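Okay, structure first, notes after.
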Ligand code: ME8
């Protein structure tokens, strides 16, 4: 059944340059979007940048430029990173755009009309790095005997007039939401954390600031700007032209999936549904938090100088090898480490050997022994049927895995079939059949071509560029690359282009002897 699918990434802060962590969530969301498009769904895939708040204001000041000039520059860099990583977003929202300001103010007004906002004074701890308020009881001991946020971020005592959101009134409703919609929040580890946090009791939330100006003015009280998280979360609606109910995009709400990192699960799983409930708007269907990447065993940080720009990796290894590595290395939802060694191993073993060689061996046999022409599909043996059967269930199998955000398991399902394909070619030995039974050789090659077409079709969301090349080499035309088109066999007699390697083996350059 086809339908609508709305998937989002976080909108990234523009106080720093894009890195591999940002690329990770975006690649995962991209796989979801591309998969649903191939399944025939109408997809809306949103990414963008989060450009307000004190942290961004300070970064602009530190760079000595006007905030707007600063955010324009960094936002363009994030867009460039998304393009370089083949992120097929349908829209890129920036919170400094008029359409977003309209949407965020409309949402504020709707929440205010429900009676869930009141004016008070905030006095408490604020961690600028996290753009997050913390209760005294949440703080932990930091360096030099100072208290810090549970994330390790420094905290400041803040005292200023503020509008509050009555978050405390939503505690039971939120618990009921998690209870009645078991798929609303994942993975389970994040869900357990959030449920226990909400059960401990929710305090009302300060949602405006008066001590700086770089933000969206609170409707009716221009002395206040919105708390950056109220502003940012509203992007998921403003990109759909909220509050215009007649906008064509409005039909995409509620979002099917907000993909986020586990660091911001709290904002998405607690604040966001509470704001929406107050405004009388449906809550999203699912929030899923990815795990955290370290680099060669260390936390990524500017001070350690180990921040990885995904564009550099893509230049060196190819975009698809990087995308593949990110989603293959660890079950999606878990934490993982980026090491050069494991990236190279995955590239060489799984891409170059398992998939690349199977494709190369098949295509060169077709080139040499069938004049590069797709042979006819004739009667199948048990072994043929078995392999093709495994291929044909892949779209359905993977759809079920993606439904639960098990991206790594979906890849494993495909690799099982690739390994079966390698066993099949070794066992059938078409190179030997060339001398003993040419007709059977052709049948075997046709089965392999069909199996490879299925495999390349389902891998398109993960590795769009190399699977495009692979499908071209297999003689599959543009209109024959959706899941539905797999039902129709390619006609025999098509001439294939000369085979070319898909995934080069990576050999680490050895240092020049000095
Ligand atoms: O939080 N490992 O923006 P942000 C995995 N503007 N994922 C990582 C990562 C890492 N080491 N580092 C970053 C914000 N990420 C807000 C979001 S949404 C309405 C507002 C990813 O620039 C991960 O998805 O700090 C994380 O949640 C996000 O980048 C944080 O990006």
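Using N, Cα and C of the backbone, Cβ positions are placed for all residues, glycine too.
Feature motif ''KMSKS' region', per TrEMBL, maps to range 299-303 of the set 294-298, 299-303, 304-308. From the options 12-22, 23-33, the stretch TrEMBL describes as motif ''HIGH' region' is 12-22.
Counting same-chain residues at least six beyond the ends of the motif ''HIGH' region' (12-22), those with a Cβ under 8 angstroms from any Cβ of the stretch are 48-51, 53, 55-56, 58-59, 70-71, 74-75, 77-78, 81, 261, 292-293, 295, 300, 302, 307-310, 313, 326, 338. Within the model, the motif ''HIGH' region' (12-22) shows a mean pLDDT value of 95, rounded to a whole number.
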